[in-house]
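First the structure, in the form of structure tokens, and then the observations on it.
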Amino acid sequence: MHRLLCALLLTTAAAVDTDKTCASDDCMAAKQVPVALLGVGGVGRALVEALVGARTHHKDVYGLRFDVKVLADSSGYLAGDLDDAQLQSAAAAKADGKKLPGATKGDVDKAVASLGEGALVVDVTASGSTTPLLIEALKRGQKVVSANKKPFSSDQAAYDALVGHPIRHNNVRHESTVGAGLPAIAALNRLSMADDKVRKIAGTFSGTLGFVMSGLEAGRPFSEVVLEAKAKGYTEPDPRDDLGGVDVARKALILARGLGWRLELSDVNVEPLYPPEMASLTVDDFMAKLPSLDEDFAKRAKEAKARGEALRYAATVEDGRLTVGLVSVSTSSPLGSLSGTDNLVEYYTTWYDPSPLVVRGAGAGGRAALQGHWRTWLASV
């Protein structure tokens with residue numbers, strides 16, 4: 001995802017003011033792009049390393065230098081002329097469980113505002129609390145690049161304030177909110193620009209659940225596959241955050257809103273992969289109870305296989321309705337041919353019918369996430 005963000009960053013930078021200069025030799029003659037980076041978790045730290053490593057490439061190929069002037073998360077922030085050593089030191093400290101220097105939310109807001117018009121505000125947090133800051137940044141002429149689903153899948157009014165009417169294609173980019181590194185939103189935008197009416201979107205938007213479905217297709221017990229996914233770091237610390245389907249629902253809602261639909265998250269019909277009585281258990285108790293679900297999932301997977309089908313955890317956007325849950329699809333279909341952690345989105349349109357436009361690629365893991373985020377940065381400039 002971070003590489004997708006960097007690519008989108010380049011596109012945005014083309015419109016940024018070029019008045020600023022810097023003293024170091026490596027940034028002379030390059031257009032200076034001030035950046036506020038919100039979030040120093042796994043993706044944020046990987047993004048820092050990718051940015052530092054791509055300095056020469058960005059200068060030689062695009063004539064750009066991205067200068068992180070604000071680095072912030074929920075623990076604190078750094079602001080000023082941050083050099084690469086300071087950025088890497090802060091990222092390393094966060095990886096060791098340390099905090100950034102303390103600050104209030106107002107301090108971060110002021111630091112971001114001080115960057116002025118044309119700056120990039122990059123959100124790689126997983127918090128809805130950044131929504132007001134992003135909206136204010138757009139009002140003052142700054143540009144927003146986000147991998148954070150929550151601002152774009154919260155209430156409709158917030159989405160409208162962020163994306164705008166008409167749509168702010170050049171001011172806000174949120175490609176990485178859907179499908180990790182896949183250009184799912186870019187594909188949808190291009191269909192819209194061509195006035196190719198989209199009648200249906202279907203897909204699997206979770207590499208974690210794709211991994212689980214592939215395990216079921218191979219005849220493995222549900223609980224065993226979930227345990228392995230957790231051990232590999234594919235799931236959240238509480239696997240119910242993935243198995244509950246809400247993350248997939250948020251992504252489906254973002255795509256539906258990209259069609260112009262006016263819906264709330266509560267309008268999405270979501271089928272979790274565990275019964276309601278397991279929702280209130282502790283994580284340890286939930287994991288201990290998982291084997292009780294094995295028989296039912298094995299039965300459903302076997303029945304699907306007998307029909308030449310496979311189980312997939314998919315989202316469907318069609319006829320004004322959003323549904324998320326377990327479906328059985330032909331193994332010869334694009335969805336049925338998926339394996340492992342791949343994500344896939346199908347667009348059925350006036351022109352792409354009956355054969356849909358398909359966007360497919362890696363959907364889990366830091367490298368896929370980094371690719372998505374990096375490309376988004378570069379496209380935003």
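Heads up, the Cβ atoms here are built off N, Cα and C, so glycines get one too.
Please treat TrEMBL annotations as automatic predictions, because they have not gone through curation.
For reference, TrEMBL has these:
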type	residues	note
ACT_SITE	LYS251	active site, proton donor
BINDING	GLY39, VAL40, GLY41, GLY42, VAL43, GLY44	NADP(+) binding site
BINDING	THR125, LYS149	NADPH binding site
BINDING	GLU236	L-homoserine binding site
DOMAIN	39-163	domain 'Aspartate/homoserine dehydrogenase NAD-binding'
DOMAIN	183-368	domain 'Homoserine dehydrogenase catalytic'
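A map of TrEMBL features onto the structure.
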residue: GLY39; record: NADP(+) binding site; Cβ within 10 Å: 24
residue: VAL40; record: NADP(+) binding site; Cβ within 10 Å: 28
residue: GLY41; record: NADP(+) binding site; Cβ within 10 Å: 15
residue: GLY42; record: NADP(+) binding site; Cβ within 10 Å: 17
residue: VAL43; record: NADP(+) binding site; Cβ within 10 Å: 23
residue: GLY44; record: NADP(+) binding site; Cβ within 10 Å: 24
residue: THR125; record: NADPH binding site; Cβ within 10 Å: 23
residue: LYS149; record: NADPH binding site; Cβ within 10 Å: 20
residue: GLU236; record: L-homoserine binding site; Cβ within 10 Å: 16
residue: LYS251; record: active site, proton donor; Cβ within 10 Å: 26
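A gap of 7 Å separates the Cα atoms of the residue listed as 'active site, proton donor' and LYS149 (NADPH binding site).
Residues GLY39, VAL40, GLY41, GLY42, VAL43, GLY44 make up the record's NADP(+) site, and a Cβ search at 8 Å around their centroid adds ARG45, ALA46, LEU47, ASP73, LYS94, VAL124, THR125 from the same chain. Across the structure, the residue listed as 'L-homoserine binding site' and GLY42 (NADP(+) binding site) are spaced 13 Å apart at their Cα atoms. On the 0 to 100 pLDDT scale, the model's mean across the domain 'Aspartate/homoserine dehydrogenase NAD-binding' (39-163) is 93.
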